[in-house]
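S.K.: Attaching a single structure in structure tokens format; questions to follow.
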Ligand code: HEM
Ligand SMILES: N[C@@H](CC(=O)c1ccccc1NC=O)C(=O)O
């Protein structure tokens, strides 16, 4: 019982490409390609979910054990590699010509990628906000689309329901952890807000410099005025962002939380060479990489779809490519991590720290 086939389950695996009628001999090569490519994707998704769950569970702890940050990074790095792997894979699907696909496409209706439970699980586990979801262009929510065509429950629906109830999202626990970062002093609201003020002051310094440069470059007075206005708007953005004034309807506690969170991200990115900030900053960078790959995946899927079926209605009943392009643009999860890029400062303008030593490695302990 220790042979390759006993372990890898080759026979079982090769018996799963029979389509609706479980008879592979009746299927064209094109249709078997269609099935296998989907199956391979579902296997990549399975691995992605395992790693995300591991990372989520690590950040659930308070405090997060320092020694485990490297494990979180390992998991996230693997998720990035898996998505990177999954993107070019659409190339195989593109060998399907429009005409050949149409030979079996109608038999698939109403099945569609809407019913890929694992993709929905990835979105939910990462923390995609349900309010962002784009209407599918048919009755019912994305959950309804997981039901069988007679409206009955399905394994896909059960999977996604179970995922929705299975604890906090990765985003929720990651943000809780970030908001506990000690920012140039103890991990308090005061430290966070003091740092944010000093950071805004750094922006004031930068802007004077930039306006001087604009003037030196002999633009017209109108151009100078326009640029100056633009730079001032950037500072205003930085200020509103750090004070969490860009979001309406937050209660005091939620606003205070967002302030700590955002100050922490700016802090980690601004002093990333300090040894004790290096792992947290690596984690942030990997989360950005995960989201970037996921967006690229959506984009790449949409381009493959456009190539194979043009802009026709999807078998799931959506607008097809238009719908998919909207998801690539609007399904964003870690907006705060991205937004910080817009307001980071050059090293010389970053505030000097009062407690820099606390972020070094200490040989004596
Ligand atoms: C010729 C191949 C393919 C075509 C023409 C195609 C087309 C489409 C279309 C039109 C949609 C929108 C839903 C609808 O109305 O039907 C969709 C959704 C989706 N497809 Fe595909 N697809 C193909 C292959 C794949 C593959 C290989 C995967 C990998 C798992 C995949 C995963 C998904 C997912 C997850 C969605 C849901 C997207 C969302 O709601 O955000 N598709 N696909
Ligand atoms: N939505 C696709 C069909 C499709 O791709 C599909 C159909 C059944 C099972 C999985 C599918 N894959 C992903 O969307 C279409 O409109 O042609």
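Even glycines carry a Cβ here, placed using N, Cα and C.
TrEMBL: automatically predicted annotations, no manual curation.
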S.K.: Determine which of 220, 313, 315 appears in TrEMBL for the same substrate site as 34, 35, 36, 37, 38, 101, 105.
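M.R.: My reading of TrEMBL gives 315 as the candidate in that site.
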S.K.: Quick check for the class: what is the C-alpha distance, in angstrom and rounded, between residue 101 (substrate binding site) and residue 301 (heme binding site)?
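M.R.: Taking the Cα atoms only, residue 101 (substrate binding site) lies 16 Å from residue 301 (heme binding site).
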S.K.: Around residue 35 (substrate binding site), how many other CB atoms lie within 10 A of its CB?
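M.R.: Cβ-Cβ neighbours of residue 35 (substrate binding site) within 10 Å number 16.
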S.K.: List the binding-site residues 35, 37, 38, 105, 315 whose Cβ sits under 6 Å from any atom of ligand 1, in sequence order.
M.R.: 37, 38, 315
S.K.: Counting across all protein chains present, how many other Cβ atoms fall within 10 Å of the Cβ of residue 101 (substrate binding site)?
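M.R.: That number is 16.
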